[in-house]
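Report on the structure given below.
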Amino acid sequence: MDPSQNPNVVHATTIISVRRGGHVAVAGDGQVTLGHTVMKGNARKVRRLGRDGQVLAGFAGAAADAFTLFELFEAKLDKHGQLTRAAVELAKDWRTERRLGKLEALLAVADKETSLIISGTGDVIEPEDGIIAIGSGGSYALSAARALLAHTELDAKTIATEAINIAGDICIYTNRNVVVEEL
């Protein structure tokens with residue numbers, strides 16, 4: 001069965017990370033959907049991580065798996081103190097610890113210098129253009145962000161917010177209840 005047709009699968013989230021003018025913003029919508037029903041409209045899927053809150057993170061996918069990814073990543077961040085190193089160390093653990101298995105989630109993480117996608121299979125990906133878009137409406141948000149970056153002077157926070165709003169108008173699993181954090 002196609003996962004989008006399974007009434008027991010949680011569909012949730014569009015997350016976008018945008019860089020402009022020395023700033024980075026991570027935004028996410030607030031909708032959580034179970035099957036064909038909206039279960040919650042104001043979930044907070046974007047957070048600050050690390051001792052000083054200098055890493056932004058947003059998640060897409062199964063909530064329990066996403067929170068597991070958050071916890072594991074934050075532990076590595078606390079231990080190593082640097083975004084890329086923490087992500088690589090988490091990926092190494094993935095390859096060696098069977099208990100981690102395959103988590104059905106993605107994290108978008110960013111600090112002042114770097115943006116990364118961390119997958120539930122242990123992959124770490126740095127986008128070439130500094131834009132990350134994950135989740136059900138990710139393609140729509142990515143398209144909107146690229147257009148706004150290319151053709152406006154809007155700041156990173158505004159672009160991220162508008163990208164989520166545009167995705168929310170198109171994707172049935174995304175709403176316009178935006179939470180955004182910026183560095």
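Any Cβ shown, glycine's included, is placed from N, Cα and C.
Database features (Swiss-Prot):
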ACT_SITE  Thr13  active site
BINDING   Gly168, Cys171, Thr174  Na(+) binding site
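Ranking the recorded positions Thr13, Thr174 by the number of CB atoms within 10 A of their own CB puts Thr13 at the top.
Take the CB of Cys171 (Na(+) binding site) and look out to 10 A: across all protein chains shown you find 22 other CB atoms. Note on proximity: of the binding-site residues Gly168, Cys171, Thr174, the one nearest Thr13 (active site) is Thr174, by Cα distance. Other than the site residues Gly168, Cys171, Thr174, same-chain residues with C-beta atoms no more than 8 angstroms from the centre of those residues' C-beta atoms, the Na(+) site, are Thr14, Asp29, Gln31, Ser136, Gly137, Tyr140, Ala141, Ile164, Ala167, Asp169, Ile170, Ile172, Tyr173, Asn175, Arg176. Note on Gly168 (Na(+) binding site): other Cβ atoms within 10 Å of its Cβ, all shown chains, come to 22. Taken residue by residue with DSSP, Thr13 (active site) is part of neither helix nor strand, so it is coil.
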